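Taken from TrEMBL as is:
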TRANSMEM  24-50  transmembrane segment
DOMAIN    40-289  domain 'G-protein coupled receptors family 1 profile'
TRANSMEM  57-75  transmembrane segment
TRANSMEM  91-119  transmembrane segment
TRANSMEM  139-163  transmembrane segment
TRANSMEM  203-225  transmembrane segment
TRANSMEM  237-260  transmembrane segment
TRANSMEM  272-291  transmembrane segment
Amino acid sequence: MEGNQSWIAEFILVGFQLSEDMELVLFGVFSLLYTFNLLANGMILGIICLDPRLHTPMYYFLSHLAITDISYASSNLPNLLANLVKHTKNISFVLCTLQMIFNLTFASIECLILVVMSYDRFVAICHPLQYTVIMNWRVCTFLAIACWSCGLCLAIVQVSLFLRLPFCGPQKVNHFFCEIQSVLKVTCGDIWINEMFLFAEGVFILVGPLSLMLVSYVHILWAILKIQSKEGRKKAFSTCSSHLCVVGFYFGIAMMVYLAPESSHREEQKKILFLFYTLFNPLLNPLVYSVRNAQVKAAFHRVLQKRTV
């Protein structure tokens, strides 16, 4: 396709240069990881829904995190798996645009949900007597709706700015899915507005929330150290350390991808980071919040006992 044009039929996802045999091997590995993702996050959702003791703000937001993880992986992996097994790299313009909307939406939502979860822990540990008043169900519902609405609005604005750009030349996207930065590089128009908005969104979604979480966890740590009971300190540390594991993994990768300076040799590194995040981050949350969480493990056993009775 040569010459400027405002509409194209499809993109070519360059991805990784692999042999057909290696693509089939990766198809099998990625399919297993995707299946584990669906099962693990589905299990978390099921346990939270079936056990009344987990009907608390913390697990309410954890259920939203599980839905986000399933949705994010499902917006990327099915097309990747289809391309691996068919040995093709094409994606339609419409599907690519939808993929960008979903990726940006669910990535932003996950970040905001993690912020809300840290606020929930802050209130629970630093203001335990006022916890049920502050984190009532009206507030929790409002915070959840705000996270989803904000994530969707940011994604729509970013993709709307992308759709105004013309295209020219072969539409080869140096990525394995339609990641916004990679797709912008195949456009012919001036993309400084897109880049500025993307950077501003990164600061708003990553730097701002991370700063708030660090401040909240300083207060949480100080409050934990004041707890007289050894068992109480252990329980508080266990809950907060689980959340910090997820926050560190998520924000570390996101900031390396969207806020670090651009360079040619970083493109391959970014693809690997995105692949790692897409495959393993959705698995990390259920592992961290089940293996390290006594309440979830106890709820799992209660649910099994009810089913066997």
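Cβ atoms are placed via backbone N, Cα and C, with glycine included.
TrEMBL: automatically predicted annotations, no manual curation.
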Please indicate, using numbers and ranges, the residues of the same chain that are 6 or more beyond the transmembrane segment (203-225) and have a C-beta under 8 Å from a C-beta there. 107-108, 111-112, 114-115, 118-119, 121-122, 125-126, 154, 233, 236-237, 240, 244, 247, 251, 254-255, 258-259
For the transmembrane segment (57-75), find every same-chain residue at least 6 residues outside the stretch whose CB is under 8 Å from a CB in it, and list them. 34, 37-38, 41-42, 44-45, 48-49, 99, 102-103, 106-107, 109-110, 113-114, 116-117, 120-121, 124, 135, 137, 140, 143-144, 147, 239, 278-279, 281-282, 285-286, 289
Among 24-50, 91-119, 139-163, 237-260, point out the range having the most Cβ pairs under 8 angstroms from the transmembrane segment (272-291). 24-50
By a Cβ-Cβ criterion of under 8 Å, what residues six or more beyond either terminus of the transmembrane segment (24-50) are in contact with it? 18, 59-60, 62-63, 66-67, 69-70, 73, 77, 80-81, 84-85, 279-280, 282-283, 285-287, 289-290, 296, 299-300, 303, 306
Can you check how the pLDDT averages out over the domain 'G-protein coupled receptors family 1 profile' (40-289)? 85
Under 8 Å Cβ-Cβ from the transmembrane segment (91-119), and at least six residues away from its ends along the same chain, one finds 7-13, 58, 61-62, 64-65, 68-69, 71-72, 75-76, 79, 83, 143-144, 146-148, 150-152, 154-156, 158-159, 162-163, 173, 177-180, 183, 201, 205-206, 209, 212-213, 216-217, 243, 246-247, 250-251, 254
